[in-house]
Amino acid sequence: MASGDNVDYEAVMVDEFDALNIEVRVSAGPSSSVPGAALSAPRCPGMRALPLKAPVMSTPVPAAAPLPTPPAVDDGPSAVGVGNVPPAVDDVPSAVDDVVIQKETTKYSAKLHAAKVADELKASAGLVFLPGEPSRTYEYSDMGPAFSSNAATSSTSPASTSLTPRKVLYNGRVPSIKDVLAASDVDEVRHMQDLPAFLHAYAHQHDKATVYLLDASQSHPALVDNARVHIDTAALRPAMDEARVTKTAHEIALIREANAVSSAAHRAVMRHIRRFASERQVAALFTAECTVRGAPTQAYAPIAGSGPNAATLHYGANDEPLAGRHVLVLDAGCEVNCYASDVTRTLPLGPTGHFTPEARHIYDLVERMQEACVAAVAPGLLYYSLHLKASAIALRGLLRLGILKGDEKAIWAAGTVAAFFPHGLGHHIGLETHDVTGRDRLLLAAGEREPRAKRDAVSAEMLVGLAAAVATGPPYRGKQMLRPGMVVTVEPGIYFNKDYIEGYFLREDKHRAFIDRDVLARYYPVGGVRIEDCILVTDDGYENLTKAPKGEDMLRIIRGEAQ
């Protein structure tokens, strides 16, 4: 660290296991004129704790039951409503979405998180040393990107080392040691100038103790070449990842609140969508609604894709007009105190508030896929069996619509349905939108993932492999079973991405024979449909944390028939 840099940390003592969490703020750059503020701001400012509900604890997982046969799709595409609708109502928030984040006083459960990591490390003593992320300025500038820390080290802001009147003038007061102790369940907080002495003392008092680092670059001069301690850079990352798979009651409360805010913002978009002319308006309203409710940070960049853009899984331009298009896919969620939500709704476009016939067919199919999968969530279930269930429902629905043709078993064996359902059913959610899975994979033991993508890519070959794995039965090595305390998304979708379908599937005889091009051409303008909720696995089933309306409830709001 350069002279004058300010570094803060919090120390957590849990019996004989010490977890040391360091938050770093560095003012850098050749021409920076901003005083080193050392605010040690966490990844999302204003970290706080919420009142806890009943704890949701991880319990022994029963043996996986045989994969149930996906239910047959016994209802055809529903009729499309027509007729005049009343004008859109004024945007007066109703009680159901009048959600505003309030500052709480209960403590962040730092000791519990440290204890979970210690348990995964199988360690009764040791030191976890976690440097935080530095804040930086652009080269030759006094400005820089918004500060965001590694999700694994997000924490409350500890006290500054050198608070001066000038720093207060520029940046305001930072939390005192007393403030930090009041905000977090920790036993001791010190100023950063005490860190070298603390580490030297620890090494002398705990001869041959293990110091756990995420990687060697995160060490400290007081630890380098210190013969009194053993440095372990291999065990901490998998232990922390596994500890994050099941959430504490405090974490669940934060995810629930993030979903409440996001659901209210989605509802606001529904009330306005008939008056909007561009994707920009949709994205702007969503983020504004989150901000005024106290959750200004988005868990990921909002996706507001209309028409063909709805077929791009991670569309981000959000800059095209809505006129003449069938649907808008709005995939957007805020975060609260670093915990994410991830919510997707598909809205009809146009003045009537009704889906076009083709869009309604696809929406109803995706709705059936999601409802069946959510209803099946329970402890002990292999999550990837839900993906197969959704794929089977999609196959039968696309056969019924005539987009697919031929023998159902032959189409399934070829994996052709992946042309239209090309991504995984969902993912963990928590400190990150696409949260860590721990030692096992939620969906694929080894699969392609786009950089920074939220979804596993599922090719036809991967789908066939998943089905074969279920058919051969246990052991399910590397496949993750659902456990109480997990929060996962369930987000099936059907897409008509012309480049993808024609670039891969229509070029191969084994797929081309099962796709009716004439019928497919009628559905290309739909673009795509996705519906996504965040689902908490409970001891006896599940809780849907996402309250954004969908289906007929959504359509009534869009048409101004309900709030």
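Here the Cβ of each residue, glycine as well, is placed from N, Cα and C on the backbone.
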(request) Check Swiss-Prot: it lists E491, E532 as binding Mn(2+) 1. Then name which of D342, D364, D407 it lists for that same site. (result) D342
(request) With D342, E532 listed by Swiss-Prot as binding Mn(2+) 2, identify the candidate in D331, D539, D540 belonging to that site. (result) D331
(request) Across all the protein chains here, work out how many other Cβ atoms are within 10 Å of the Cβ of D342 (Mn(2+) 2 binding site). (result) 29
(request) Tally every other Cβ atom lying within 10 Å of the Cβ atom of D331 (Mn(2+) 2 binding site). (result) 24
(request) Quick one: give me the count of other CB atoms within 10 A of the CB of E491 (Mn(2+) 1 binding site). (result) 26
(message) Give me the CA-CA distance between D331 (Mn(2+) 2 binding site) and E491 (Mn(2+) 1 binding site), in Å, as a whole number.
(response) 10
(request) Give the helix, strand or coil assignment DSSP yields for D331 (Mn(2+) 2 binding site). (result) strand
